[in-house]
């Protein structure tokens, strides 16, 4: 039996504690699968005094000096489950440059400055694995980074944030508004006290950047991702989607564009209820991948939570530990393609627009004229009377997003348009 | 740039031709991803004279001498898409022992004698990859063999045969019988002229053996898999399932048993329409994985066809080519657990039984007595009148399969049981 692989754990919250528990419980299986035992040599925490009596480790391995732990000569692998940009970046760059392999769940850091980590990994000849950073336990990054490497991925569409999916599922099921659904999510522990990162789409945008980088072999940062959260999604939008046989999801969408670039965006969108992603409810995540040869694929599972995230961390740990034992390392970041990332205004999308208009002659012609002016083609239009008003529901063909946004803006300024009750992008055929 | 990785292709049917096409089309991307070009140096075919004019290769690389091609000194990697036990086994064992990496889609050979291939791979220090053998393009084996290695998989439930799923989907949608649905599948090219391997469950059983081996780190052969096909599934069964809010699928199910063993089986079963697998229709495949920490996961996509299968083959090719360039190899077969495989009779299952009985006093008591005699607990019972007969629909709690089968057998022999109209196992909560 080979010498133990020595592991430092940075962070001991819900994920970290679950990593510790699994390392203990699965000890003999992990040893058999790796060919050497795993030895947890240190755990860095923020507060030393906190009671961690139930964790199956020697209390003396806790430390508040994370950087000191990372620098220890006897550490082979560093697991980071703290999150945030700093000080995590300093710790991980230090570890990778020193040749220590890193397993991290830190999507924010990867999206903000993945380049620093990848470069440090190359410099130190170390492995950088981060399956847990996107879609929790769902084995997704490895398939993208390895299984589909003989294929050309054309599009990735994902539900990658459990909090917003829980809220939108509740709004869809109960017809409630955003605030009410957020309250319920908070009460049940699905939303944090400050839900900004989730409901404004920052979390999903970070994951979208990571997915797009892997899918298209190019570097995509959080700054390249167009982002809209779900705070503006109303009960009227949900009702409007239902009337169309659709449901609303916060989607991250990464696609190749016709001009050889890519676009990466996060926003709420209507998708038909027959789409495989439409049935992904509550806190579940799923990612739908389209590739030229493979066709349509979907990966589904729990996107968050201590145990599922820890499962992904340990899968990565087995891989990096094996690599160390065999003296090899995984393929480095694949970013050879260097594709330009198109701004949202140029991306071709489809809009669903519901508006209340005065019910009089010439209104439909005037409305249609606004679409024509911006070269936006209308796919379906449905008019129904509401007393002295009429409800117009229009779905467009695909057009540049800027033209669609300008169309909506122009419609708002027309005096016979009483109100625009719902504007949503439409995805899925 | 490193020297080319030289590849021999065995077989040039629909999958092989697609591999050739993709190698050509994706040439520059593959080179960038691997770090060296791929060079196709030979293609072994059965009939040399066949016109393959549209394939983008030099016609002189075709040969009918597969073994000679495998033995060539300049071959680094062998791709096998012929299928069947022999001569494929001889070719691949020869290649692996000589240190040549193998990428194969041959599920029958892996299930029949995977041990010979794995042993030859260890002997030759070569890689053996076979993502395309199960569920076509769905990246499934790599997640099982790598991503979930830090977790304990408890159960794998899959729809892994497109032909039978197409037939059962048609029966469900149209209420047609098996023969009629098979005819339609044959006409549309979803079933082969001799559909035995598909409809009798042999194909699914081979895949079940491969999945169980990877999930449980133990060797499982086709002979360990209990197998029932779908030829006995009737329109009455489908109607019965519908009445229960269920649909019928040919499932492959691999589970850990309470006594520390495993069971692996393939048979038609009713599952609730709310189960994620219930929505997997037509020729699509999906595999539902349950693990202790990760929870429920599902992988969905096309299970067959030239292009999807070729996508999986090329993903494996990129991996083995990279390994060759870095002088490393993937982890060997993980079969340390050596778990005993329980016979079907001992496996705990649930049955749904519909029977026509004479409508007279004492009948229900007598029927219930048969269940009690075999220690089978009844979960639900529903009786409805049909003139002088009554229809009894009974769903059991889980019990050893042998006890359930014996219960059905005893019911058949009762004089007041007019007919047993449907017997099906029930899966999913």
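Note that Cβ sites are derived from N, Cα and C of the backbone, with glycine treated the same way.
What TrEMBL lists as NADP(+) binding site is A:10, A:11, A:12, A:13, A:14, A:15, A:16, A:17. What TrEMBL lists as NADPH binding site is A:107. Marked as L-homoserine binding site by TrEMBL: A:192. As annotated by TrEMBL, active site, proton donor applies to A:207. Under the heading domain 'ACT', TrEMBL lists A:352-425.
Positions of TrEMBL features highlighted on the structure.
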residue: A:10; record: NADP(+) binding site; Cβ contacts under 8 Å, 6 or more apart: A:16, A:43, A:44, A:66, A:69, A:70, A:78, A:79, A:80, A:81, A:82, A:88, A:91
residue: A:11; record: NADP(+) binding site; Cβ contacts under 8 Å, 6 or more apart: A:44, A:45, A:80, A:81, A:82, A:83
residue: A:12; record: NADP(+) binding site; Cβ contacts under 8 Å, 6 or more apart: A:20, A:43, A:44, A:45, A:52, A:55, A:62
residue: A:13; record: NADP(+) binding site; Cβ contacts under 8 Å, 6 or more apart: A:81
residue: A:14; record: NADP(+) binding site; Cβ contacts under 8 Å, 6 or more apart: A:305, A:306
residue: A:15; record: NADP(+) binding site; Cβ contacts under 8 Å, 6 or more apart: A:81, A:105, A:132, A:306, A:309, A:310, A:313
residue: A:107; record: NADPH binding site; Cβ contacts under 8 Å, 6 or more apart: A:130, A:133, A:134, A:203, A:206, A:207, A:210
residue: A:192; record: L-homoserine binding site; Cβ contacts under 8 Å, 6 or more apart: A:163, A:186, A:198
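Shown in sequence order, A:9, A:18, A:19, A:81, A:82 are the same-chain residues outside A:10, A:11, A:12, A:13, A:14, A:15, A:16, A:17 whose Cβ sits within 8 Å of the Cβ centre of the NADP(+) site. Around the Cβ of residue A:17 (NADP(+) binding site), the same chain contributes A:52, A:55, A:306, each under 8 angstroms and 6 or more positions distant in sequence. DSSP assigns the residue listed as 'L-homoserine binding site' to coil, not to a helix or a strand. Using DSSP to sort the residues of the domain 'ACT' (A:352-425) gives these counts of helix, strand and coil: 23 helix, 35 strand, 16 coil. Secondary structure at residue A:10 (NADP(+) binding site), taken from DSSP and collapsed to helix, strand or coil, is strand. Averaged across the domain 'ACT' (A:352-425), the predicted model reaches a pLDDT of 93.
Residue A:16 (NADP(+) binding site) has a Cβ environment of 26 other Cβ atoms inside 10 Å.
Within 10 Å of the C-beta of the residue listed as 'active site, proton donor' we count 28 further C-beta atoms, all protein chains included. Mapped onto three states, the DSSP output places residue A:15 (NADP(+) binding site) in helix.
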